[in-house]
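**Student:** Feature table excerpt (TrEMBL):
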DOMAIN    A:117-229  domain 'Amino acid transporter transmembrane'
DOMAIN    A:283-554  domain 'Amino acid transporter transmembrane'
TRANSMEM  A:115-137  transmembrane segment
TRANSMEM  A:143-164  transmembrane segment
TRANSMEM  A:194-214  transmembrane segment
TRANSMEM  A:290-308  transmembrane segment
TRANSMEM  A:315-337  transmembrane segment
TRANSMEM  A:357-379  transmembrane segment
TRANSMEM  A:391-414  transmembrane segment
TRANSMEM  A:437-457  transmembrane segment
TRANSMEM  A:477-498  transmembrane segment
TRANSMEM  A:504-528  transmembrane segment
TRANSMEM  A:540-559  transmembrane segment
Amino acid sequence: CKENCTGNINLIKDVQHFTEHIKISELPQEVESALPFHVEPRNIVDDDPQERVSAEAAILNSRVHYYGRLTGSSDRLLSPPNHVIPGPEEIYVYSPLGTAFKVSGTDHTSRNPSIITIFAIWNTMMGTSILSIPWGIKQAGFTLGILILIFTGLLMLYCCYIVLKSRKAIPYVDTSDWEFPDVCRYYFGKFGQWSSLFFSMVSLIGAMVVYWVLMSNFLFNTGQFIYNYAHNVNMSYSEFGTNGSDKVICPYPNTDPEGNSTISTLYIGNSGNDTDVNSFEHWWSKTNTVPLYLIILLLPLLCFRSASFFARFTFLGTISVVYLITLVTIKAVHLGFHLEFHWFDTTQFYVPEFRLFFPQLTGVLTLAFFIHNCIITLMKSNRHQENNVRDLSVAYLLVGLTYLYVGVLIFAAFPSPPLFKDCIEPNFLDNFPSSDVMVFVARTFLLFQMITVYPLLGYLVRVQMMGQIFGSHYPSFFHVLSLNILIVGAGVLMAKFYPNIGSIIRFSGATCGLALVFVFPALVHMISLKRQGMLRWPSALFHSFLIVLGMANLLAQFFM
Amino acid sequence: MKTIIHQLCVTSYLYDELIIPSTPSKADVLLMGKSGSGKTSMRSIIFANYIARDTRRLGATIDVEHSHVRFLGNLVLNLWDCGGQDTFMENYFTSQRDNIFRNVEVLIYVFDVESRELEKDMHYYQSCLEAILQNSPDAKVFCLVHKMDLVQEDQRDLIFKEREEDLKRLSRPLACTCFRTSIWDETLYKAWSSIVYQLIPNVQQLETNLRNFAQIIEADEVLLFERATFLVISHYQCKEQRDAHRFEKISNIIKQFKLSCSKLAASFQSMEVRNSNFAAFIDVFTSNTYVMVIMSDPSIPSAATLINIRNARKHFEKLERVDGPKHSLHMRMR
């Protein structure tokens, strides 16, 4: 019946065309009601009796309809070429419901002005690594940290620039819908395709694990705040921190073996009812139970077939970052600056300006400035393509300034005399107690934002992995469910046993940065220059040095 | 059935000629040109053939098999790529040359106006003409300068005139008729209509009779279509019509309709369209033609017009049979 039914519909359509084209001014009522839909003749744009459809347009329409029946829908053999189609100002779109409107004369792909592109890049790059920048600066030393941030930013900007250029340098092939993994496949064959996929997965799954740890953290703190607020529990004496209204705490103080033990750790028991609080702590633990509660919420979300619903919430990310910047500013104003410059020696409260742990900062920054696997797609919608390099540089500058601002302010405002600079946590929000209202709001924002981004990341992982291995984006519910269980399991295990997001970020950043930021772009650039015969030895030296830097970055993560 | 005819064919080849008086003999219409010049698209559009994407990917049109496109009763359309890069095709073409060019009624040669190798194109054209002179000297030759939409509008006439002069000169002693065509304007339809017009035997007599018929039944317009392609062979109109492209539009619509009908394994036979202003009748006419009659007086009942058409049909069929096909009675199968 299916065959017959479509055939019949086509027959009706053909009859409809026939009656339209031959000569119609009005049809008798009974015939009108029998037709599937009836378009009033010709002039339905305004009341002018003059026909608006020109003879050429009518015959072109007839040809396009007819030729369209002669080939498959994807076959372009008989599609009208551009010089045959009238200009956009002459085209009207007729709807069967009896209206006509003009096609707006814009390009097929919507193009954005520079400012939107810059904002999109900034928004995409701003991730949770912003929480780890103060810790990274602390690990590298204040001065060295700032220098490294600027240097790494410039280096990654250059690598991003050569990624962007790489697609254009491929001759004779239509690369208009290629992304960087496709470029790798062109130069390195299957190996290039699979390895760029693998490293891309590393960055995505690394991000998802970090998200799980952070979500458990924020959920825990939010629950803690609400419980304490409801039960009027005062936790201030159980934590080691400053006194006063803007409390900053040191969650894991290690007694300095060299220094005086004048500051003793204060672990005063809770003033509240012991058994109540203890049972709450038993059921609401940051590492034991909260990560598991998240499974109930997030595993179903991961199994959705399409992620477009979650893409609507990207604005939450922007709000969170803006709120974090405001929070940091206010805290810095209240706490004041506490900076002392000890260049190479270790003191009790401060860290040296130059430290040997600086690779940890470079690892974090490699993930913080990472956008190389989607920069081509983001730049495609830029209205003035000749400004791509300028817009990219401005975006990197803004991102660098944001990170620098947050990092420097938190580091500088960290109240060092009672506390140690070494206390700055990989997630700087951990340095504020769960009773702090402003930080509670920040945690809640970030929690919501991460809950909406997590399924998006899961969707990206699923699409790329399932697409490459099984050929379809959703092979079956069980395939997708097993993948999701693996990812969620990794997150839960990390949250339970090793919730140090600084380490997770720096290892995954250095790994995926090795391939997608340093090695592949440099190699691709050198090979394309060589093929054009334009490879000079300073350029070759510099790009080889980039590759060495990338490898050193990864190796140093294991040793420092 | 096929094997029996094949055996007959083998024996006929041995005897070189086998005369079978009762079956109408077939003659070839050769559609030739360089590969990529647009022959497959042209055939598809004129004859309403679906083009499957896979066959095109093979590059050359490997049309070695007998084409099933038949028109004007006994003419069979064959496509050949002439002067392609494929050495297999070249060798096959050269070895089968006599077979291909024997019993040719019409040669339609397609030139791509954008071709960069004019010398080579002319060379291949000339070799085809030689073969025609040897094997079918009575064939009619038509040259189509195709893809004219790629040329700028103000230069089209000039370029076409140049090509036409060259081709006419090269074709001597045969006479060739040149057309400029493009699938994106009316020139393709008009060119093929002219070609078909020249192939109809006794077409002038047909036109006179058509006019008489139209006047008798008081029709606004009467059109005569070729059956397979719905190309307008001849028409009569009693007053000025507004739409100059109406023939092509009708042809397109009917061909789409036929495509839909064939999906249901049905074949189109006749159609009546009527409203308060007019009544139109499309019906089978003779063995090679369809007729379309447009009456602007809707008060005349359909039955009357249909009876008139039926009677006229008998008269016109007699006309066709009297001047039967002029071809020799040879049967060729490949």
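Keep in mind that glycine also has a Cβ here, set from the backbone N, Cα and C atoms.
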**Student:** So, does the transmembrane segment (A:437-457) come close enough to the transmembrane segment (A:540-559) to give 3+ Cβ pairs below 8 Å, pairs being at least 6 apart in sequence?
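**Tutor:** Contact absent: fewer than 3 Cβ pairs fall under 8 Å.
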**Student:** Look over the recorded stretches A:290-308, A:315-337, A:357-379, A:477-498, A:504-528 and say which has the most C-beta pairs under 8 A to the transmembrane segment (A:437-457).
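**Tutor:** Highest pair count goes to A:315-337.
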**Student:** Decide whether the stretches the transmembrane segment (A:504-528) and the transmembrane segment (A:357-379) have at least 3 CB pairs under 8 angstroms, with pairs required to be 6 or more apart in sequence.
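**Tutor:** Per Cβ check, the transmembrane segment (A:504-528) touches the transmembrane segment (A:357-379).
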**Student:** Which residues of the chain, 6 or more past the ends of the transmembrane segment (A:290-308), have a CB below 8 A from one of its CBs?
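**Tutor:** Same-chain contacts beyond the ends: 212, 215-216, 219-220, 223, 284, 451, 454-456, 458-460, 474, 477, 480-481, 484-485, 487-488, 491-492, 495-496.
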**Student:** For the domain 'Amino acid transporter transmembrane' (A:117-229), jot down how many residues DSSP puts in helix, in strand and in coil.
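**Tutor:** When I sort the residues of the domain 'Amino acid transporter transmembrane' (A:117-229) into the three classes, I find 97 helix, 0 strand, 16 coil.
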